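**Q** Quick paste from TrEMBL:
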REPEAT    9-41  repeat 'WD'
REPEAT    132-173  repeat 'WD'
REPEAT    236-267  repeat 'WD'
REGION    322-359  region 'Disordered'
COMPBIAS  323-333  compositional bias 'Acidic residues'
REGION    387-429  region 'Disordered'
REGION    818-877  region 'Disordered'
COMPBIAS  841-850  compositional bias 'Polar residues'
COMPBIAS  861-877  compositional bias 'Acidic residues'
COMPBIAS  934-946  compositional bias 'Polar residues'
REGION    934-957  region 'Disordered'
COMPBIAS  983-995  compositional bias 'Basic and acidic residues'
REGION    983-1015  region 'Disordered'
DNA_BIND  1006-1074  DNA-binding region
DOMAIN    1006-1074  domain 'HMG box'
COMPBIAS  1046-1060  compositional bias 'Basic and acidic residues'
REGION    1046-1119  region 'Disordered'
COMPBIAS  1066-1096  compositional bias 'Basic and acidic residues'
COMPBIAS  1105-1119  compositional bias 'Polar residues'
Amino acid sequence: MPSKQKPMRYGHSEGHTDVCFDDTGSCIVTCGSDGDVRIWENLDDDDPKSINVGEKAFSCALKNGKLVTAASNNSVQVHTFPEGAPDGILTRFTTHANHVTFSPDGTRVAAGSSDFMIKVVEVTDSSKQKTFRGHDAPVLSLSFDPKDVYLASASCDGSVRVWSLADQTCTTSWLLLQKCNDVINAKSICRLAWQPGTGKLLAVPVDKVVELFRRETWDSQFNLSDASITQPLNVVVWSPCGQFLAAGSVDGNIVVWNVETQQCIERMKHEKKYSICGLAWHPKYKQIAYTDTEGNLGLLENIGDVEKPDDKVSSAVAKDYNDLFDGDDDDYLNGDMVEPPSSPKTGDNEDDADDLVQPPGHMRRAVIDDDDDNSLDIGLIKASSGLLEKEDDGDDQPGGFSALPSSTQQPLYDGPMPTPRQKPFQSGSTPVHLMHRFMMWNSVGIIRCYNDEQDNAIDIEFHDTSVHHATHLPNSLSHTMADLSTEAILLACESTEELASKLHCIHFGSWDANKEWTVDMPKDEEIEAICLGQGWAACATTALLVRVFTVGGVQKEIFSLPGPVVSMAGHGEQLMVVYHRGTGFDGDQCLGVQLMELGMKKRQILHGDPLSLTRRSYLVWVGFSAEGTPCYVDSEGIVRMLNRGLGNTWIPVCNTREHCKGKYDHYWVVGIHENPQQLRCIPCKGTRFPPTLPRPAVAILPFQLPYCQVATEKGQMEEQYWRSVLFHGYLDYLSKNGYEFDENAKNQAVKEQQELLMKLFALSCKLEREFRCVELANLMTPSVVNLAIKYSSRSRRLNLAQRLSNVAVEKASELAAAAAAAQEDEEEEKEEDFRHHSKARYSSSATNRGQLPGRNVHQDQEEEDDEETEACEEAEETPEVAHIFTFFFILSSEIALVASSSRGRVNPFKVSSSKKDPVVPSANILDNMTKYSKKTSGSRAVNKQNPPVIKPLTPKPKTKQALAASFFQPRTPAINPAEKIVEEKEEKAENESQETKVTAQENTENRRPKTGFQMWLEENRANILTDNPDLNEAEVIKEGMSRFRMLTSEERMVWTEKARGGRVGDSAEDKKRKRPTAEEDEGKKSQEQKSEDTNVSKKSKPLDASTNNRLSAFAFKQS
């Protein structure tokens, strides 16, 4: 079976890189010139554990849970494995060590340095050292004799020496290499190696061949070479069985020989022909891990072996989910129980244990399936693995293969395999096991955590220092989760044996002195995810609960999740929670998302909808854009955004993998902005997470929707148009929810979109795609449709122009219908708003105005509503003001009737057809005011109260039809008749002097010109009194107003025109009627009357002109 070469991946920065396996082969350990030692679970491990040992690391060795490294600080250090905790310094040199290696039993370490010295140190007691002197140049490499008798070394002086460990003397020496003065100038690092087991041969890479020297005699036994080797060999390594020998050259070739036959069995070439500087053979299987001088790591599998590796590293590297639950060959060899993936554990179901056949322990051949051609003989497996000597140990196992089921009892499952569930994570954070890590990086700031020997603390840095200054916090509780907003810092820690899991908040935006609070979770409940919003904080726990708090520490809502949480994010009033909906298969995660708003009107937007992920990927980031649109990123680099305009669906907006240079490079997302369109992320070379030091630079990536044929002009403009629509959808969301938004940005977006549509229209015309032109016109605004009609006419496409005209007519009708519906809705909202303010006024509660801070409430509208409410009160309490208030109300109605098509302010006293008031569904507004003023607070609570209107939209008046229809409802008569206000006023007026009456008459005429309603009331007063003889003057006016409104708009307009045409004459007649005097005063009176008539006529002319101008403007707008 030919060997399989896995693609190399980035491991360290450019420079010499070393590699080794641990004792079991479950991990790969590398070190490089960046000073880090990385522990890889497999080649595809995107999050290897990293241990910093210095500025540079030249060599590493691992055995018995001890990791030894040669660093640039001239020391040989020891770390525990796999924890990575420092465990002291073995020895020091005057210059840095070039190579370190363990003795066969792992009790001693040999190190060779550039100061020409070799030291052998006891691992348990570093004071026991042996020094070997004799080389005249830096030492290149070392190798222990498997029998722990000799030590071989190579040096830049060109010699290879064999030392006796007992007496520290040089046993033999060969001059084989080219001399040089430093390791950097050496053509080969000459990593020699003893044959495992017997130590019979010593392999030394010499130029383009490998020379093998025989033990004791020290004669050159034979050479191994191959025609593919054209450059000097750098390193050699033996297989654990001692049967094969591998060598790597400086031009990137790896060659494997069978030493017994001296035949080359494998050849491999480096992808980019970089120099191979590190080789390590897997301790169990035919695999070779190799590194190059550019810091890359690779893996060569199935070297001269037909068996497929089945250990942790190989199976994980293969990423084959079909093999996740395959049995391990070691289980057969050691007599351990083997279970198919579909069989339950015996501990869970003891009844199944009786069904298992237990053959005798001495049976060494167990056939899994007699009908299977691929069945294997256990003895053959042992023989090929070189483990026959362990057969006696297998006999000691009780029962031998007692738990091995036959195929007839437990058939093997061959369907889709379940995917392990993704663990919870905090977006914008790096893995918890790192000593220096980011706890949070978002658009507000950065939270770093340092957990080493010197300090265990948290540093908070704000991008905008005006929000808050940088803060340093002790991390005594070992917080592992954090979130940051413009008003608070939220931290969480796991529970310990003594302490419960805690949620800690620092509310630096608080105005009082106590800015911190802490909440303990219940017993056995762990916090798994946290987030902050505007005025609230939330955490998700292992009890499948989401707990909501205020930033001040008040516990609020609690709700359950359908599955374990994965991550959560907050922005403003929005909370997004991602959780496991179920178990995924074949590498896919099965996630669901809930999106809800926690403001005054709490509602759920997404009800556990499935979260779309790329095949065989998982979630790596979830959050909101700076404008408040939900987004998330998966492990394949696909960024998706919520499209509110298409039923809250998810659309991919960017693929970060397209911007990566290498296969193992990634982008770590820290923020998304819709205006301007920016994806803020940090480039990570060879890993998924950036280091804390030096501070990583933020890159900005563009967005691009995955439309087809974006290389063409048509596809490019289509992508730009829909991207503009998507990324400006947040403006509609803000508008609908009453938030402030930039009108200029919205206008600019509409302009940009219409320009793109017009360009597409022109392109379609050139391509003779007239049907497509009509489709594009359906997306245009009416003004742009008119421009398209002109373009079509000038292009002599009359058929297209005609169809576009039909589209324009349809759009005009749709806009008219939409405007009418919007006017009706806004009138209803305004009426409810007025009633709300009326109730607030009469109950002396001024706190109901502006209940929601941060919303865009129309201040002028509220002030005017309050003034009109006060006028209502005065009209009912003071008889002198009743006529003034009535005139103001009628005049406002007349003005609104004339200018109904404009966007001016509408009188809120106007009664609409709203049915929201269950108590007085059809009464006049003035009647409602009278009744509200006389009701108690208990009765007021029965009525439906509505909060103030918070939408920052300009109110629109109702259409004339809706205005007229709102008054065709029966009136509820008043209960308590009032005094006759008009009669009392006339009696007072007759008692005044003549001069005072003339002055009052002039002022009244100037202030109160006669209107159409007054003329109508004069003619219909008798009918009103006939129907209702018990009414006083004020109630007659109210009844007249009610009946006058029931007239059609045309009839009311006729009365208005009558009032304008006959105002002068009516004024004279009114004066004659109201002021009977003596005949000697008639001459003087007539003169004054003429002068007053002249003034009145002069004043009426500009009023008529203004009215005509309004009507003209109204007619022009309608046309």
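Any Cβ shown, glycine's included, is placed from N, Cα and C.
Because TrEMBL annotations are produced automatically, they should be read as predictions rather than curated entries.
Note that this is a predicted model, so its numbers are computed, not measured.
Can you tell me where each of these features sits in this structure?
**A** Within its own chain, the repeat 'WD' (9-41) is flanked in space by residues 48-64, 67, 69, 71-72, 79, 81-82, 84, 189, 277-285, 289-299, 311-313, 316, 662-665, 685-687, which lie at least six positions past its ends and keep a Cβ under 8 Å from the stretch.
DSSP states for the repeat 'WD' (132-173), grouped as helix (H, G, I), strand (E, B) and coil, give 0 helix, 24 strand, 18 coil.
Counting only same-chain residues 6+ beyond the ends of the repeat 'WD' (236-267), those with a CB under 8 A from a CB of the stretch are 3, 187-188, 191-198, 201, 203-205, 208, 210, 212, 222, 224, 226, 228-230, 273-284, 286, 288, 290, 292, 300, 303-304, 386.
In the predicted model, the domain 'HMG box' (1006-1074) has a mean pLDDT of 74.
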**Q** Provide the three-state DSSP residue tally for the repeat 'WD' (236-267): helix first, then strand, then coil.
**A** 0 helix, 20 strand, 12 coil
**Q** Treating G and I as helix alongside H, and B as strand alongside E, what does DSSP give for the repeat 'WD' (9-41) in helix, strand and coil?
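**A** Final tally across the stretch: 0 helix, 16 strand, 17 coil.
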